[in-house]
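Chemist: Take this structure first; my questions come after.
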Amino acid sequence: MRVGVVTIFPDFVKVIKDYGVIAQAVENGLIDIEIFNLRDFTTDKHKVVDDYPYGGGPGMVMKPEPFFRFFEFYNQKYGKPYVLLTTPQGKRLTNSFAQELASKEHILIICGRYEGIDERVSHFVDEEVSIGDYVLTGGELPAMVVIDVVSRFVSGVVEEESVKNDSFYNDLLDHPHYTRPREIEGFKVPEVLVSGNHEEVELWRRKESLKKTILKRPDLFMKHAFDDLDKKALISLFKELMSNAQ
Ligand SMILES: C[S@@+](CC[C@H](N)C(=O)[O-])C[C@H]1O[C@@H](n2cnc3c(N)ncnc32)[C@H](O)[C@@H]1O
């Protein structure tokens, strides 16, 4: 998958390529991330990218011309990407939206600053994306969040089994995880996890997953499509609750 990012702070964004799973994916050629400095597409001596808003008011607005020049350069060099504009007004980024984006071969992410970007740049945009209902100072963190979450759905980047067990996949939260030691300061790992009984482990994990989802995210629980393991796990959870109540 090819990912382009255009920003006035390329050094800020480029660290996304340097760490962990994303760095490995880049090294293995699964994702190609290229970051562009919008100021390289200005024509004046001071590389100005913002200007006063028509109609007055506070703050500055990102000028359209550097973006228009950038798109012309980019499309000619790499072909037409699926263009995402980071904005708090966009479609909320979720697991399923990220999965959709991961199916694109080529995306380009535009990072805004100041009060945002001149509205006419939206003619180049396929979809607007928001990472949540709050306003950040710029689109760089959202671009990095988009790259991170989308990469996890690119084939080969993360083990498929792991992605499927993570929170939000199938509208459930992940079960608790434990590692060595088996006991620390009196806190023990649940016996079932060291029992060697894979079926029991699977049932316990689903039960814990359902429990966490009911307690923390009942909205997800209501959307979850229940399978046979869920039904067994719910019975086991119910029995646990009853025996704790006695
Ligand atoms: C200060 S914000 C502009 C906010 C804009 N005036 C508004 O109220 O909708 C500057 C830039 O940060 C980015 N941004 C801020 N919050 C965001 C969010 N929640 N999701 C995605 N991008 C965001 C966008 O690129 C935006 O153009």
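The count begins at 1 with the first shown residue.
Glycine too: its Cβ is placed from the backbone N, Cα and C atoms.
I grabbed these lines from TrEMBL:
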- 1-222: domain 'tRNA methyltransferase TRMD/TRM10-type' (DOMAIN)
- Gly112, Ile131, Gly132, Asp133, Tyr134, Val135, Leu136: S-adenosyl-L-methionine binding site (BINDING)
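Set these features in their place in the structure for me.
Modeler: In the three-state DSSP scheme, Ile131 (S-adenosyl-L-methionine binding site) falls into the coil class. In sequence order, Thr86, Arg92, Leu93, Leu141, Pro142, Val145, Val146 make up the list of same-chain residues 6 or more apart from Ile131 (S-adenosyl-L-methionine binding site) whose Cβ falls under 8 Å from its Cβ.
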Chemist: Under 8 Å Cβ to Cβ from Asp133 (S-adenosyl-L-methionine binding site), same chain, six or more residues apart: give me those in sequence order, or none if nothing qualifies.
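Modeler: Same-chain residues close to Asp133 (S-adenosyl-L-methionine binding site) (Cβ under 8 Å, separated by 6 or more) are Pro88, Arg92.
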Chemist: Return the residues near Gly132 (S-adenosyl-L-methionine binding site) by Cβ distance under 8 Å, restricted to its own chain and a separation of at least 6 in sequence.
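Modeler: In sequence order, the residues whose Cβ lies under 8 Å from that of Gly132 (S-adenosyl-L-methionine binding site) (at least 6 apart) are Pro88, Arg92, Leu93.
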Chemist: Mean pLDDT, the domain 'tRNA methyltransferase TRMD/TRM10-type' (1-222)?
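Modeler: That stretch averages a pLDDT of 98.
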Chemist: Would you count the other C-beta atoms found within 10 angstroms of the C-beta of Leu136 (S-adenosyl-L-methionine binding site) for me?
Modeler: 15
